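Taken verbatim from TrEMBL:
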{"type": "ACT_SITE", "residues": "Asp294", "note": "active site, proton acceptor"}
{"type": "BINDING", "residues": "Lys23, Gly70, Arg99, Gln147, Arg325, Arg368, Lys392", "note": "phosphoenolpyruvate binding site"}
{"type": "BINDING", "residues": "Lys23, Ser24, Arg28, Ser145, Ser146, Gln147, Ser173, Asp294, Lys321", "note": "3-phosphoshikimate binding site"}
{"type": "DOMAIN", "residues": "57-401", "note": "domain 'Enolpyruvate transferase'"}
Amino acid sequence: MDIQLLKTSKIHPKSKIEITGSKSESNRLLLLQALYPEIQVFNLSNSDDSVLMQKALKSTDTVIDIHHAGTAMRFLTAYFSTQVEREIVLTGSKRMKERPIKILVDALRELGAEIFYLEKEGYPPLKIVGKPLSKDKVSLQANVSSQYISALLLIASTLKNGITLKLDGEITSVPYIKMTLSLLNEIGIETQFIGNTISVNPLYGKPKRKKLVVESDWSSASYFYSVVALSNINTEIELSSYKKNSLQGDAVLAEIYKMFGVQTTYNNDSIILKKTNQYDSENPIELDLSDAPDIAQTIVVTAFGSGRTCSLTGLHTLKIKETDRLVALKTELEKFGAEVSITENSLHLKASNEIGENVNVATYNDHRMAMAFAPLGLKTTLTIKDAHVVSKSYPGFWEDLGHIGFELK
Ligand SMILES: O=C(O)C1=C[C@@H](OP(=O)(O)O)[C@@H](O)[C@H](O)C1
Ligand SMILES: C=C(OP(=O)(O)O)C(=O)O
């Protein structure tokens with residue numbers, strides 16, 4: 001399914017959208033619920049990745065396919081390693097078989113797990129033979145993906161002595177590790193994170209808190225930040241349910257988008273995004289996104305749509321996500337006439353006021369490619385190829401975009 005966005009210079013001046021729970025928080029809490037069934041979770045994400053996670057945890061099959069869901073692949077590898085008397089094959093999409101998992105598998109093996117590679121060494125699919133993990137201390141490389149670390153932390157409280165992790169190298173995507181620790185703390189699991197060492201105590205007895213409400217997804221909110229940034233002065237979009245003290249690192253959007261004139265007001269359980277003229281529209285956008293990699297695509301496209309120079313660093317994890325996002329961004333932006341240069345961990349976009357028309361944006365099975373480019377419908381007519389890819393994190397995206405006044409065909 002392709003979707004054409006007809007150039008819409010004006011969306012509704014005021015609109016309201018409800019986004020479901022954070023996919024990251026949901027997938028952590030689903031795993032914790034499998035370990036501690038008394039936990040109840042509200043406002044779960046309706047994303048494919050969370051639905052797949054839920055299904056996988058309930059499944060009694062011997063082969064479990066988690067398609068494109070990175071967190072599900074990593075978290076379930078740790079989970080099934082501890083499920084005694086269970087033997088499963090954990091597999092995924094063609095792209096999942098190219099996303100590395102060796103760092104996590106090595107760490108789990110070090111703790112006593114029995115995991116085998118079924119195709120390429122270091123990559124899914126995996127055969128996992130569940131057994132009690134006998135050790136409690138392990139070192140692992142922390143500069144490739146924080147998901148390996150979160151996976152180990154999520155199962156830690158069920159091990160006899162908990163877990164102590166020593167993290168080697170620069171720690172990437174730190175807010176996601178802190179999110180994991182905060183959720184563990186919320187249910188009464190004690191943790192320490194000092195320097196490059198994290199430890200998690202075993203949980204004796206039942207979880208302290210049983211009802212948890214997931215805050216809505218900030219990464220999904222990013223597309224509306226972009227829409228407001230590219231809109232006329234005073235355009236407002238209200239998004240629910242969000243809070244000021246978020247566990248999600250992508251809540252940094254509220255700060256970042258001030259550079260594009262978007263003001264965020266926290267109102268009960270929602271946020272109101274409003275376009276103002278209180279910003280310097282000439283200033284280049286310069287950011288290190290190693291703490292918030294999922295909003296890189298949104299920010300670059302906003303910068304392009306608003307004719308701003310943009311230099312992003314800290315993008316080393318983008319190459320192993322749903323697609324190589326650095327190459328995908330460069331390729332697709334250049335179709336609109338943008339000048340983009342990339343390295344292994346950075347992207348530079350030159351300011352330009354020309355935006356090509358009738359471009360077909362390829363999405364590479366990456367939900368964020370589709371959603372990041374959509375706001376350009378405020379500047380030009382474009383077509384998003386394979387637009388259904390958005391369901392990985394935000395199945396209602398196109399409907400919500402129509403609701404705020406975009407013309408979709
Ligand atoms: O733990 C999580 O929920 C996530 C961690 C990040 O991955 P990396 O740590 O691989 O950067 C992020 O990109 C991903 O979308 C979700
Ligand atoms: C990178 C992402 O997800 P995952 O790694 O969980 O597939 C994402 O949602 O942008």
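Heads up, residue numbers simply count up from 1 along the chain you see.
Any Cβ shown, glycine's included, is placed from N, Cα and C.
Automatic, uncurated: that is what TrEMBL annotation is.
Cα of Lys321 (3-phosphoshikimate binding site) to Cα of Arg99 (phosphoenolpyruvate binding site): a span of 7 Å. Around Ser146 (3-phosphoshikimate binding site), a 10 Å sphere centred on its CB holds 26 further CB atoms from the protein chains shown.
One residue stands out among the binding-site residues Lys23, Arg99 for having the most other Cβ atoms within 10 Å of its Cβ: Lys23. For the residue listed as 'active site, proton acceptor', the spatially nearest entry among the binding-site residues Gly70, Ser173, Lys392 is Ser173, judged by CA separation. Within the same chain, residues at least 6 positions away in sequence whose Cβ sits under 8 Å from that of Lys392 (phosphoenolpyruvate binding site) are Ser47, Asp48, Asp49, His68, Ala69, Glu322, His367. Listed binding-site residues: Ser146, Ser173, Lys321, Arg325. Those with a CB atom under 6 Å from ligand 2: Lys321. The maximum pairwise C-alpha distance among Lys23, Gly70, Arg99, Gln147, Arg325, Arg368, Lys392, the residues recorded as binding phosphoenolpyruvate, is 19 Å. Long-range Cβ proximity for Arg368 (phosphoenolpyruvate binding site), meaning a same-chain Cβ under 8 A and a gap of 6 or more residues, is found for Ser219, Asp294, Gln297, Thr298, Glu322, Arg325, Ser393. Sequence-distant contacts of Gly70 (phosphoenolpyruvate binding site), defined as residues of its own chain at least six apart whose C-beta falls under 8 angstroms from its C-beta, comprise Asp49, Met96, Arg99, Ser145, Gln147, Lys321, Glu322.
Among the binding-site residues Lys23, Arg99, Lys392, no residue is identified whose Cβ is positioned under 6 Å from ligand 1.
In the three-state DSSP assignment, the secondary structure recorded for Lys392 (phosphoenolpyruvate binding site) is helix. A gap of 15 Å separates the Cα atoms of Ser146 (3-phosphoshikimate binding site) and Lys23 (phosphoenolpyruvate binding site). In this structure, Lys321 is the one among the binding-site residues Arg28, Lys321, Arg325 with the smallest number of other Cβ atoms inside 10 Å of its Cβ.
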